[in-house]
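Residues or ranges marked as active site in TrEMBL: E18, S151, S287. If you look up TrEMBL, you'll see 113-309 marked as domain 'ATP-grasp'. Summarising the annotation, TrEMBL assigns Mg(2+) 1 binding site to D264, E276. Taken from TrEMBL, the feature Mg(2+) 2 binding site applies to E276, N278.
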Amino acid sequence: MNFKNITIGVLMGGPSAEREVSFKTGINVCTVLRERNYAITPLILGKDLSLSSGGIDLLFPEALKKYDIIFNALHGTFGEDGQLQAMLDALGVRYTGSGAEASALGMDKWKSREIFRMGGLVVPESHIWKKRGDEYDGAFPAVVKPRASGSSDGVFLVETREALREKAEQLMHSGTDVIVEEYCDGREFTCGVLEQDGIVRALPVVEIRPEKEHGFFDYEAKYVPGAATETVPALLDEQLTAELQCAAVRAHELIGCRVYSRTDIIVSRNKAYVLEINTLPGLTETSLLPKAAKAAGIDFADLTKTILAASSARYEKGNK
């Protein structure tokens, strides 16, 4: 498909805590598509789900129907959890990335982890807290995280039962169930997956070494330059590289992802523990998926074109 002959709406902003990250992704995408003379329109989604473009208010979501495809540059709640995808499906609007069901599963860290486990992947021992007063009888340190979130936002490493309860209640106060999992002390990796010409391929593995003040790859370490050291491709032997790439592809397929994803993995005690999958990875200047793609010889312009092409192809095949 010649994308210079179609209209592309780049949707960014949104109501989630990752709104600013979404703007960075959206601006990057708009910049590179403009450089290639694509017919793109930046679309700003407000925190209240109001829609505007160039200072002109538009009717959401009906205004999205005028575009041949929506490049989904949203992150977090609403844009990444299946809500937007279901809305666009109902309107018959084409969009980039995974569909509604896979997006919802990917955002639900508890359900996706159970799917990984049943699919043969190794996952950390974990428990879910749905109410205050639930107990955790595992070892410390432990990781406390919201059941549904992205970009490691609201993820805490706790050393004591008192700290665990404090952070869990803090998260529950925001209305979310809480996952408490064993802390796997080891090397942190992430592996992107990209569909090209109908083939699902793993990108080069990235090793992440957060600076000491972070302890693990938290929100700040992901988006603040210099907060983590990343090695792309990771310096691993062929066997471990293949194991991590296979795990990422397996996670992508188990969740039912389409087009692209990124899976976080920790290697600890000679096992590769799958932590979670991101069904709509960031495309900012510090994001890991573009860095991995570049290591595979795919520059940012070609990455965005591949995402558009693979997303369009699934509609042509009738596979939403």
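Including glycine, each Cβ sits where the backbone N, Cα and C put it.
Note that TrEMBL annotation is computational and uncurated.
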Pairwise CA distance, N278 (Mg(2+) 2 binding site) versus E18 (active site), rounded so that it is a whole Å: 13
Winner by Cβ contact number (other Cβ atoms within 10 Å) across the recorded positions E18, D264: E18
Per-region confidence, the domain 'ATP-grasp' (113-309) (mean pLDDT, whole number): 90
DSSP three-state assignment (helix, strand or coil) for D264 (Mg(2+) 1 binding site): strand
